[in-house]
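These notes concern the structure reproduced below.
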Amino acid sequence: MSTTSRNLEACPYTSVFYSYLGISCGLAFSCLGSAYGTAKSGKGVVASGVMKPSAAMKNTLPVIMAGILGIYGLINAIVTNTSLSSLGTEVPLFRSFAHLAAGLCTGLSALAAGIAIGVTGNAGVRAVARKPKLFVVMLLTLVFGEALALYGLIIALILNFSGSSGEKICVQQ
């Protein structure tokens with residue numbers, strides 16, 4: 001008859017906390033970046049709408065792109081939570097730190113992208129209201145700003161799926 005116990009060095013009871021901290025940080029920072037980008041570029045949309053009302057709908061593109069940033073945090077939260085639900089309470093410490101790193105990677109890159117989109121969108125829509133030929137330049141700059149958050153999400157997904165072969169480490173014989 002063999003008895004099994006929990007390996008507390010590899011799987012402490014507090015390891016789940018770090019996974020949920022990653023989820024909350026990822027979502028919070030992503031939404032913070034989304035909110036900043038929306039507010040800052042929305043300010044420019046309103047100002048450009050006064051200058052040229054016919055271009056107001058076309059100039060909402062930065063606001064839409066900033067809104068997508070929060071979705072990146074939500075995707076990371078769903079993927080991490082799905083990974084956690086399959087593990088139960090026995091989460092290896094290296095896995096929980098990977099979840100924390102994934103959340104921070106998603107959240108902070110989306111925050112940086114939100115700042116980039118907000119600043120670019122604010123100045124860009126005002127410039128497009130004066131010179132419509134600058135729309136393509138603004139669009140390209142916004143795409144490169146959005147790519148920052150996409151890079152963070154890709155790395156977060158890699159982190160979430162890394163180290164999945166060590167689940168048996170929590171059981172000590």
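Including glycine, each Cβ sits where the backbone N, Cα and C put it.
Computed from a predicted structure; not experimentally measured.
Record features (TrEMBL):
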| type | residues | note |
| --- | --- | --- |
| TRANSMEM | 20-39 | transmembrane segment |
| DOMAIN | 21-79 | domain 'V-ATPase proteolipid subunit C-like' |
| TRANSMEM | 60-79 | transmembrane segment |
| TRANSMEM | 99-122 | transmembrane segment |
| DOMAIN | 100-159 | domain 'V-ATPase proteolipid subunit C-like' |
| TRANSMEM | 134-159 | transmembrane segment |
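Of the candidate ranges 60-79, 99-122, 134-159, 99-122 contributes the most Cβ pairs within a distance under 8 Å of the transmembrane segment (20-39). Residue counts for the domain 'V-ATPase proteolipid subunit C-like' (100-159) under DSSP, split into helix (H, G, I), strand (E, B) and coil, are 59 helix, 0 strand, 1 coil. Across the domain 'V-ATPase proteolipid subunit C-like' (21-79), the model assigns an average pLDDT of 94. Per DSSP, the secondary structure of the domain 'V-ATPase proteolipid subunit C-like' (21-79) breaks down as 56 helix, 0 strand, 3 coil.
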